[in-house]
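Engineer: Handing you this structure, nothing more for now.
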Amino acid sequence: MSPGEGLATLPVSIQLLAGLFTATPMSILMGARGRKAGFLLAALFAVLGGALAAYSLIHGLFALLCFAHALLGAAVVSFGLFRFAAAELVAAPQQAKAISLTLGSGLVAALLAPEVFRLFKDSLAPVPLAGAYLAVSAIALAGMLPIAAAKFAPPQPKAGKDKSRGQTAALWNRPRLLWAILCGVGSFAGMMLLMTPTPLAMVGCGFSDVQAADVIRWHVVAMFAPSFFTGSLITRFGANAIVATGAVLLALSGLTALAGIELVHFYVSLVLLGLGWNFGFVGATTLLNSELMDSEKSLFQGINDTGIALGAAIASFSSGLMIASVGWAMIAAALLGFAAVVAFSSFKQRQAVSNTSSLVQY
């Protein structure tokens with residue numbers, strides 16, 4: 001359908017870029033108009049994106065398919081803000097659990113999505129995949145009902161345009177906030193770096209597509225299943241300790257991948273990768289939220305998710321180039337660098353908190 005083989009992945013790339021450019025505007029919109037309005041708009045993006053993608057496949061309209069994926073990218077990044085919306089509904093001591101449990105719902109999606117795809121991908125035969133896109137529209141349309149009925153926190157106080165600019169510029173003078181953002185970006189980018197090329201690496205090592213899919217399936221389970229207790233661990237041991245543990249798990253994932261290319265190495269490495277991402281990402285989100293006043297949340301939550309989208313996109317694109325040029329082992333070694341970034345950021349964030357506490361006591 002694409003004009004050339006080199007453009008075959010363009011729709012997915014546009015989806016990633018759309019998420020990158022819409023994260024902050026959508027977060028600011030939610031701050032001004034409320035979470036409900038923002039999530040309903042995101043669901044509308046998903047409904048339209050799925051429907052237009054199906055239409056474009058049926059009629060062979062590649063440009064329209066790219067536009068549809070841009071809408072889907074905006075929807076996906078907006079739905080990621082649900083974790084912040086959940087935290088706003090509970091007291092501060094319970095926010096880590098709220099964030100964690102919200103991400104835990106991703107486990108249900110991860111388990112059901114392959115079955116939905118299998119059931120609907122050929123439902124509009126002879127056009128492949130069109131039915132799957134329509135299923136996305138139907139699910140998003142159904143999801144608008146609970147969003148419309150749900151109660152969210154009221155819109156946040158407006159900071160004003162000049163104050164928002166000042167807040168953005170002041171980010172560099174707020175090390176606790178900056179290091180919290182880097183914890184999340186490093187965790188997400190590191191996960192994407194190793195996960196994205198895993199199927200290609202496994203097939204190149206002689207394993208089947210089915211085996212590669214099963215490794216990814218267990219990786220996704222490891223990403224989301226811990227969310228049902230990660231919040232409790234953060235409440236008990238602190239967010240910084242959990243982020244640091246995530247960094248250790250990411251490093252162990254890279255070391256396991258370097259240890260060999262047997263099937264067990266791929267399974268263990270990708271499960272550790274999922275666990276490390278969960279601890280790092282949930283912990284970083286909790287750290288970020290603890291640093292923000294209500295009037296700052298919409299801006300900096302958007303900046304945070306823009307950074308995460310940028311890091312994920314760069315890691316994803318880079319991993320494709322690396323697997324073709326320097327190989328699997330170098331990607332695994334690069335993951336150790338991301339783990340070091342997360343660990344260092346966690347240490348610096350904790351150090352900044354300690355320094356602030358000392359100044360207050362003084």
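Using the three backbone atoms N, Cα and C, a Cβ is placed for every residue, glycine included.
The feature transmembrane segment is assigned by TrEMBL to 12-30, 37-55, 61-86, 98-120, 132-154, 175-195, 241-261, 267-290, 328-347. Under the heading domain 'Major facilitator superfamily (MFS) profile', TrEMBL lists 176-362.
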Engineer: Report yes or no: does the transmembrane segment (132-154) come within contact of the transmembrane segment (328-347), defined as 3 or more CB pairs under 8 Å with a sequence separation of 6 or more?
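Structural biologist: Between the transmembrane segment (132-154) and the transmembrane segment (328-347), contact is absent.
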Engineer: Find the member of 12-30, 98-120, 328-347 that has more C-beta pairs under 8 Å to the transmembrane segment (175-195) than any other listed stretch.
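Structural biologist: Of the candidates 12-30, 98-120, 328-347, 328-347 scores highest.
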Engineer: Let me spell it out: take the transmembrane segment (241-261), skip the flanking residues so only those 6+ beyond its ends count, and list any with a Cβ under 8 Å from a Cβ in it.
Structural biologist: 183, 187, 190-191, 194, 201, 205, 230, 233-234, 268-270, 272-273, 275-284, 287, 328-329, 331-336, 338-340, 342-343, 345-347, 349
Engineer: Find the member of 12-30, 61-86, 328-347 that has more C-beta pairs under 8 Å to the transmembrane segment (37-55) than any other listed stretch.
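Structural biologist: Answer, by Cβ pair count: 61-86.
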Engineer: Please indicate, using numbers and ranges, the residues of the same chain that are 6 or more beyond the transmembrane segment (98-120) and have a C-beta under 8 Å from a C-beta there.
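Structural biologist: Contacts of the transmembrane segment (98-120) (Cβ under 8 Å, skipping residues fewer than 6 from its ends): 82-84, 86-87, 89-90, 131-132, 134-135, 139, 217, 220-221, 223-225, 227-232, 234, 278, 281-282, 285-286, 289.
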Engineer: What parts of the chain pack near the transmembrane segment (328-347), using Cβ distances under 8 Å and only residues at least 6 beyond its ends?
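Structural biologist: That would be 179-180, 182-183, 186-187, 189-190, 193-194, 197, 201, 204-205, 240, 243-244, 246-248, 250-251, 253-255, 257-258, 261, 269, 273, 276, 280, 283, 315, 319, 322.
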Engineer: Short question: which residues 6 or more past the ends of the transmembrane segment (12-30) have a Cβ under 8 Å from it?
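Structural biologist: Same-chain contacts beyond the flanks: 37-39, 41-42, 66, 69-74, 76-78, 80-81, 85, 155, 298-299, 301-303, 305-306, 308-310, 312-313, 316-317.
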